[in-house]
């Protein structure tokens, strides 16, 4: 028979077991499960399945029963090993703090979709004194990227002066994750390029890039020599006249000499062209050739002389590459025109000396004269065309701060030319020295001297067998022959330095200094201008018809000259026209002189 207190003791034991079971179950409900890296929101929290079991009734009782028998030490180890999502681990490593943090609220990020309100709540939970560096999620990267874009747009709106003060150097509490910016930007640096400069080369402080964006050729902001191909910088040209030095005296001498050549050449060549064009009785084939020569001399002096003098004084071409190409082209074309004109004059004088009466009775029409001039022009322009291809503008630094580099027009073939033109340019460059010497020096001098000697012999024979009426014409032919020889000697004397310069450049360039080459070049240039200036003066001195017409042209505006010329008788006028026309008494033009005299003018 059981004792009377046995049921009571059994009941108390059952109650103790039940109480122990309930306490263990309550402790297991707070144990966090290992967090899955792929879950988001409250689904990662162990409270959700626990609450679902409490609401829906007991489920998985077998697993719950197994958890009852798990030792307490293992449960505490799992609690210690579980990492918190929102709160950082305490420095002291106290397990009680971990349990309080786990029991105080749900673990992991909120379950609501990411948005501005969600991250504002997250910002308030993060302490300001510690920053955790861990791998962010996609939503966190999206938020930080959007915030960076907003900050860059705001920074563009802020002025440059206040932008540097607004850049933060330390992270704020609202930043979830903080790491250094992109490569090339140091942490805490105040230098933040704006979005408008992306993809461009930025110069370091104190330097300014040239306009083409090249980082190699930098241009300093202030002071120092300027380099690079910037078009905004202002370069000072050298003043050749101040201060007074040996170079400035040379510049004054060059300037005075060029003014004399310019004035004399312009007036003389214009006078020759006006005399031939405005006087009908001066329109012979020989005078037309001389007028053509005067036109090219005028072109050389009017166009090339100022450019060459400007380059000599400032070491800079006024029109840069255009003047570097066009000035040598016009000069070589002028040499060709002079060469062919002298040859044509020699042939014309030889025909006149062979049969004087027949020559002066023959009249050449305008088309014949134009055809001869066209042959001279086309031949000279075509032969000078390779000079345009060979000439290149070269710049050399003088070594002075703020001064423009010296520009030189050198013979250099560009590799960008087409293959055919490039081969022709190479061939011409190899044969240029002897072509220049043979065509522009030997041909006019030898041919003219030979023809002049033959013409002089013909004139002597004609003078012995001539009648009284032809002696005046033979004397005029002798004057014209001497004029052609004088023009040839002047031309040969002025072209010799150019050939010497070419020979020195081709064979002795290494042993001659650049200063000597520049001196030879400027001497050859001035002798070419001197030839163009002296040619009309030589015509007025040696050719009587030109001198008489020039004096009449100069005195045509004077009333005394006009009144004096009106008192001359008609016979004297006929003799004057006969002399100027170089006509014989048997010429048919003499009978028509009264008709053409009223058409022509003396100026």
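Even glycines carry a Cβ here, placed using N, Cα and C.
Straight from Swiss-Prot, the features:
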{"type": "COMPBIAS", "residues": "51-79", "note": "compositional bias 'Basic and acidic residues'"}
{"type": "COMPBIAS", "residues": "145-158", "note": "compositional bias 'Basic and acidic residues'"}
{"type": "COMPBIAS", "residues": "165-175", "note": "compositional bias 'Basic and acidic residues'"}
{"type": "DISULFID", "residues": "324-409", "note": "disulfide bond"}
{"type": "CARBOHYD", "residues": "36", "note": "N-linked glycosylation site"}
{"type": "CARBOHYD", "residues": "212", "note": "N-linked glycosylation site"}
{"type": "CARBOHYD", "residues": "229", "note": "N-linked glycosylation site"}
{"type": "REGION", "residues": "39-232", "note": "region 'Disordered'"}
{"type": "SIGNAL", "residues": "1-26", "note": "signal peptide"}
{"type": "TOPO_DOM", "residues": "27-255", "note": "topological domain 'Extracellular'"}
{"type": "TOPO_DOM", "residues": "277-289", "note": "topological domain 'Cytoplasmic'"}
{"type": "TOPO_DOM", "residues": "311-325", "note": "topological domain 'Extracellular'"}
{"type": "TOPO_DOM", "residues": "347-369", "note": "topological domain 'Cytoplasmic'"}
{"type": "TOPO_DOM", "residues": "391-433", "note": "topological domain 'Extracellular'"}
{"type": "TOPO_DOM", "residues": "455-483", "note": "topological domain 'Cytoplasmic'"}
{"type": "TOPO_DOM", "residues": "505-521", "note": "topological domain 'Extracellular'"}
{"type": "TOPO_DOM", "residues": "543-603", "note": "topological domain 'Cytoplasmic'"}
{"type": "TRANSMEM", "residues": "256-276", "note": "transmembrane segment"}
{"type": "TRANSMEM", "residues": "290-310", "note": "transmembrane segment"}
{"type": "TRANSMEM", "residues": "326-346", "note": "transmembrane segment"}
{"type": "TRANSMEM", "residues": "370-390", "note": "transmembrane segment"}
{"type": "TRANSMEM", "residues": "434-454", "note": "transmembrane segment"}
{"type": "TRANSMEM", "residues": "484-504", "note": "transmembrane segment"}
{"type": "TRANSMEM", "residues": "522-542", "note": "transmembrane segment"}
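Most Cβ pairs under 8 Å with the transmembrane segment (256-276) belong to 290-310, among the candidate stretches 290-310, 326-346, 522-542. The stretches the transmembrane segment (290-310) and the transmembrane segment (484-504) do not meet in space: the count of Cβ pairs below 8 angstroms, excluding pairs fewer than 6 apart in sequence, stays at fewer than three.
Every protein chain shown contributes to the tally, and the Cβ of residue 324 (disulfide bond) ends up with 22 other Cβ atoms within 10 Å. Residues of the topological domain 'Extracellular' (505-521) grouped by DSSP class, helix first, strand second and coil last, total 11 helix, 0 strand, 6 coil. The Cβ of residue 409 (disulfide bond) has 317, 324, 327, 328, 391, 392, 393, 394 as same-chain neighbours under 8 Å, each 6 or more residues away in sequence.
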